[in-house]
Every structure is written in structure tokens, then in C-alpha cells.
């Protein structure tokens, strides 16, 4: 074998090894922390009993993490020397669930110190949080590592604000390798959880400086929202359910709400009320079939969890999710 051919063959096998080494796996912790899922589930079950929003908080953290620099736990970092926390970006102000992650991390460090990444905690806890309130289960792939930095400036362009149109949201998803189905199905995570008045009150009285409410809000739903978030009121800590029908369950009622013009956020209702959009047919499909919604949601969550992951020797395994080791 010539030297050149040998180098080519060697490069091929090295590439194969590096590629396989970088792949996530459902059994990644089988020998190093075999009870990882049970430990995470135990904390989530305990937390869920005291906070019905626990699952919604965690899945929001996971989404906001993955859409900025990939699924690397960067959203969890506090301000520190050389680190500007993503939690201080406008789209993340008031983001909850970090205390739940800290509790899970403490439980895991007691059993498997320095083994399970914060990024993997977000992925695992998201699946468990959805399943605990009636949603689908899926096989969570593991092996992510944690970032050494954060990217506060990347939050605003990458995370859809609640005031966006579809024209803005679609590129935010396609830049991450996600398609229109992913956009609609992952928005379905708004079938549980709550939102502050500040995320939707611009629709209630003077939408787009028209002097009138958003015309895509059902006229019988509007007075309820206006009473919850009165114009000129001190509404900073007032919340409304994202799903008016079954706010604490994971089901397909979110899409039926959109058909009835009862989506809470502008970004929600845009999926059904944007004339001529291909998203309308997807909303209708999920409104008529919860099983289809569940199947597609599970697939999109796996896809989400693969965005920009750190593996191998990249990054680190943080012992405290709020700070770099």
C-alpha cells in the first residue's frame, strides 16, 4: 500500500471514529450513571406536585438553550468574568426553572459526581415534564457537554419574541435546520404553562397602533383577557394560561384554541390566522388528531435536542449549572 493510500485510509477511519464518538446515544450514561433517568424523574415528580408549571418552565429553558449556540446549557450561566448571562436578554427576562435544574443537578452530583451535563438535564427533564402531564414520551439521546461561555447578544435574533409575525419566525427556525412542521408542532408546547401580561397585552387595546384590539382575537375571549390585564394596570406579575381549555395538561387543545381564535400570544395565533399560510393545514391536522401531534412533537423534540451539541472533549461537565468549573 502506498503512503498516500495509507494516509487516505487512516483519515477515513479517524473520521468514522470521530463521527461516531460525536453521536448522542440513549445509553450514554449506562455505565457511568445508570440511574440518571430515575433520578431526574424523581426530582421532576416532586417539583410537579408543588408547581404545575414545572414542565413548561423546563421545556422553555431547553428551547431557549438550543436556539442560541446549540443545546449546551449556556442559558443557565449566571453573569461572571467574561460571561454575560443569556438570562438577562429581553427574551429571557423572568425565565423560570433554573431552580429546578439546580435541584436535579444536586441530586445527580450526590450519586454520579461530575458525570451528567446540565445540557442533558434540560433534555431529559423536558421529556419527563411533558410525560408527567399526559404528553408523549420519546427516547432522549444523551452525551451533550456544557459550554464554557454564553451568548447574550444571540438571544434576540434567534429566539422568537411573542410579538413576531410568521415572516420573522420561519427564518429563525430554518436557520437551525428546523422546518414549518417543527415550528407549528413545537409551538404546541404552549398547551401548558402561563405567560405574563406583557407578552400579549399589546393585542388587547391598541394592536399595531390601530387604536383597536387585534382582530384575530375571538370577541368573547377578548373581555376575559382585558379584565386580567387592564389597560394601564400594574400587570408585571400577572399571568394568564397559555391554553384556556386544559392549562395544566399536555394535549392538542392548543390547536383547537387557535381554530377558535383563542391563541394567547400573537405568535400562537399567527399560525392559524395568517392568510394563505401553509401552517393553517398543520394546525388543522393537529387539532383533529392528538396522536399525530404527539408523534410529531416527539420527533421534533429529538431534532431540537441535536442542534449544535458539544460532545467528546469539547466543553465540560459543569458541577454547578450556573457557572463554569
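Placed from the backbone N, Cα and C atoms, the Cβ positions cover glycine too.
Remember, predicted model here, so these are calculated numbers, not experimental data.
Sequence-distant contacts of residue 68 (Ca(2+) 1 binding site), defined by Cβ-Cβ distance under 8 angstroms and a gap of at least six in the same chain, are 74, 75, 86, 151, 154, 155, 158, 159. Residues annotated as Ca(2+) 1 binding site in TrEMBL: 65, 68, 70, 72, 74, 86.
Counting only same-chain residues at least 6 apart in sequence, those with a Cβ under 8 Å from the Cβ of residue 251 (Ca(2+) 2 binding site) are 134, 135, 191, 290. Residues annotated as Ca(2+) 2 binding site in TrEMBL: 191, 243, 246, 251.
Long-range Cβ proximity for residue 33 (disulfide bond), meaning a same-chain Cβ under 8 A and a gap of 6 or more residues, is found for 39, 108, 111, 112, 115, 116. The disulfide bond annotation in TrEMBL covers 33-112 (among others).
Residues or ranges marked as disulfide bond in TrEMBL: 66-71 (among others).
Feature annotation from TrEMBL assigns disulfide bond to 118-321 (among others).
Annotated disulfide bond per TrEMBL: 197-229 (among others), in sequence order. With a cut-off of 8 Å between CB atoms and residues at least 6 apart in sequence, the same chain places 228, 229, 233, 235, 236, 238, 239, 240 near residue 197 (disulfide bond), listed in sequence order.
Under the heading signal peptide, TrEMBL lists 1-22.
Spatially, by CA atoms, the recorded positions 66, 70, 71, 72, 118 include one closest to residue 246 (Ca(2+) 2 binding site), and that is 66. Counting only the Cα atoms, the space from residue 243 (Ca(2+) 2 binding site) to residue 66 (disulfide bond) is about 24 angstrom. Taking only the Cα positions, the spacing between residue 118 (disulfide bond) and residue 70 (Ca(2+) 1 binding site) is 13 angstrom.
For the pair residue 71 (disulfide bond) and residue 65 (Ca(2+) 1 binding site), the C-alpha distance works out to 6 angstrom. In this view, the densest Cβ surroundings among the binding-site residues 86, 243 belong to 243, judged by other Cβ atoms lying within 10 Å. You'll find the Cα of residue 70 (Ca(2+) 1 binding site) roughly 16 Å from the Cα of residue 321 (disulfide bond).
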